[in-house]
Every structure is written in C-alpha cells, then in structure tokens.
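Noted in TrEMBL for the protein shown:
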TRANSMEM  B:41-63  transmembrane segment
DOMAIN    B:42-266  domain 'ABC transmembrane type-2'
TRANSMEM  B:75-94  transmembrane segment
TRANSMEM  B:127-146  transmembrane segment
TRANSMEM  B:158-178  transmembrane segment
TRANSMEM  B:190-206  transmembrane segment
TRANSMEM  B:240-264  transmembrane segment
C-alpha cells in the first residue's frame, strides 16, 4: 500500500464576514500565522493519510470546511499551517464548468479544458467520442454552437465528462452528483464505480448519506474546527447523526 | 499534472514549475487569441488600428498644429509607430496582468497550476499580439527606406533584446500587481491613472534628448525608456542613451524580484479571496 495523500497538522484561517481587509502591509510582513481579531480558524490540526485506492468521504455540518479541505488537497488553496503532500495527479470535480469559455464552441472547449488539465491533443482526439457520448445526445447535437447557449444541465454534463476522462489516479468530488437529471445521475454513479474498480483513490464531499455509504469505505468527520473522527464510513455517519440528535 | 506537489518551493522551484507547464501556457494563449477573434472579425485589425490611429493623431498635432517636426527622431511618423506599438504591448499587459487572477478566477480556483502561470499567460498573449503587429512596422520601415528617409543599421539586432527586456519587466509588474489587485478593488482605477501619467513620462511621442536636463533623471529611470532606446536604435541614426538602457535593465530585474516576492507572500490570501 502506498500513501498518496499525507496531511499533517493542517489548518486554515479565514476572515469573519465583513472584516476581510487586512492591510497588504500586514499580509506581506507577518511571519506565519498570527492570531489577529477578525479571523477564525476553519479547522486546525487535521492529520490523516490516504492510501492508494481508498474511498474517503468527508462528513460534517455546513461551514466546517469540508470543501476547503478538498480544495487544499486539490492544491487550489494553501493551508496556513501544516502541510499536505499529494504524490499523484488529481482530477478535481470541483468547479466543473470553470474552464469553459462561453464564446467558444463546445468542441473547442473540450480540447482546451482537457489541455489545461494536462491532456495532450492526441489523447483528447482519441477520447473525444467517449466524452461526447457520455455528455449525451443533446450536447452531441450542439457541439459546434457556442458554449454559452448550453443549458446549465448540459454544461455540467460536459464538465463531468471531460474531467472524469482524465487519467489522474486521485479523484476529488464536491457535491457535483446533486446536479443533473436522474438518468445522468445514474450514469455518473456508474462512471464513479468504474473508476473505483480501476483502483483510483476517491475523495467525496457530500451531504447525501446514500452517496457516501454507496461509494466510501472510510469517513472523516469534521466539526467545530477539528477532525473528530476518522474511521469506517458507517461509524462516522452514525457519530454525525448522534451529534445532530443531541443538539436537537 | 502528474508532478509531485509540495506546499512551498523556493524561487528556482517556482520558475521550474512554470516552465514545466509551458504547454498549458500555450493552450491558454491559443484560447485567448481564439476568444479574441471569435468575437470580432476585425480582431487582428484592432491590434494595429489603435496604435496607427494614435500615431496619426500625434503626427498631426505636432507637425501640423505646433509645427514642430523635431520632437522625435526623423521620420517622426515611424518614430511614433515603433513607440506606440511597444506602448500598447506595455499597457495592455499591465492592465490585463493586474486582473489576471480575478478575470479567470473560476479557472484559478479549479486547477492546481502554479499561479504564476496566469500572469505569464497574459504577457505571452500580449506578446503574440505585439509580434503579429510587427509586419505593419516592417511595412512602414520599407516605405521610409524606399523613400530614402531612413536607413536600417546594424543596431537592429538590439530590437529583440528590447522586447526581451520588456517581457522581463512586464512579468515582474504582473506578479506584483495581480495579487494586490485581487485583494484591493481600487487598484484597477489607480493603475489606469498611473498608466496615463506614465505615458507622458515615457519618451513615446518625444525623443529623450528633448527633455530638459532637470527632468532627465525621471525619464532615464523609467524602464520603458530603455526598452524604446533598444527598439529604435536600428531604425534611426541618433546615438543610444546607454544610461537609460542600463537603468532599465536594473529596474526590470528589481521589479521581477520584488514581484516574485510579493506574489509568493500574497498567494494564500488571494486564493481565499477570489
């Protein structure tokens, strides 16, 4: 077993609501993380290792930094303390349609977005049909129209299709399964299961208990700025449910 | 993106990381050009039309209204075209470079590329546009040479060096301004005003030799003055002001260093903000 994600004492600090303006001077010259009023730690001291092929779900109430943790693993946010080492490539299903440009046709967008994620032109050509088939007949018909004319569902389908054809061994998923119609959701499930069967590592943020227990074997329970529990997904979900009942 | 990612690397590591992703920079530049030309069929024309029209206006104002044909080197129109094409490359890189992290925030948020890529990409796109506009310059040089108004001399080899110096300076400014602009909203307006002031403090429409002694230091320490000296040297017979060039090189390197430092320091905060 090889460790593909190693997080050690990770913490990240945010500004409270309105008071976001720390002066540039302060940002430039402060040494490391200092405790200034108007800031709070989303979480601290989060430590865990993920082995290759594991399927991990992050559980917890809103605003506990689940998505933030995923972004730190994806490398699109940097922790204020501690460090994260990711030793394999990552396919982030986070801002699915972020790479698409409305002015360009869907065809151009597929090539460009896949290119941005490191796929060579020949690779994209080879997988082009697969991507389009997955995105569905509606998208296929509209391949040469500007992307901005697409419905939001079509946009997400295409985004999902492109990102999941990347060869990256680690897949990060943030709530994207909640969009799309039922047929597409089933298609997504099938694709995810196929990827897992290939031995990819999965990191999933979701509020759907069904999705979590379907895909994940291990759960991280994040609440109150701490990693409270790291164990089998069943235990994590139970612990989370018990916490909610206690508060109610 | 199969490369191993570690949270923080030194300056050399960062340069290497950007170099590693050069094919992605190319993809982004192609995308920029496509978007630009998909929207307007006049696309290419716009890049050359603006500096040419401005050249025409300054030419008219100075030679026809003020009756001064000695403001710059002769032929004055050619002098203006060199300067304004280069100036357009400068201002557009600065304004777009400053918003490079904001303009594509969705992309920045969804890909783990080294963030410097977004700045480099803007300068690269603008460089391509600048290079595309050079045939127009060549055309005017050909016309003036054919008429016997000027000669191309051996110092033309300095032209690409001038462009290289400009690239270093623009990447430096981009790295400095992009994170600051992402954090401070007013920055874009400040930059716009400063650029307009800087235009008149740069020998674009006049020759640096025309500047009174007391103000010469302002001109000489302006990094764009050195760039223009190098780019004009091969097309006109006037001597090069080496002081401007040396100061320009020094200034560009300092800006690049400062920009890199600021970029690394502010990166964290910017990623939370956009």
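Glycine is no exception: its Cβ is also placed from the backbone N, Cα and C atoms.
All annotation found in TrEMBL is predicted automatically rather than curated by experts.
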Looking at B:41-63, B:75-94, B:158-178, B:240-264, which one has the highest count of Cβ pairs under 8 angstroms to the transmembrane segment (B:127-146)? B:75-94
Which one of these stretches, B:41-63, B:158-178, B:240-264, has the most C-beta pairs shorter than 8 Å to the transmembrane segment (B:75-94)? B:41-63
Give residue numbers and ranges for long-range contacts of the transmembrane segment (B:158-178): same chain, 6 or more residues beyond its ends, CB-CB under 8 A. 86, 89-90, 93-94, 97-101, 116, 118-120, 122-123, 126-127, 130, 187, 191, 223-224, 226-231, 233-234, 240, 248-249, 251-260, 262-263
Taking a Cβ cut-off under 8 Å, which residues six or more beyond the ends of the transmembrane segment (B:240-264) line up next to it in the same chain? 11, 14, 115-116, 119, 155, 158, 165, 168-169, 171-180, 208-209, 219-227, 229-230, 233
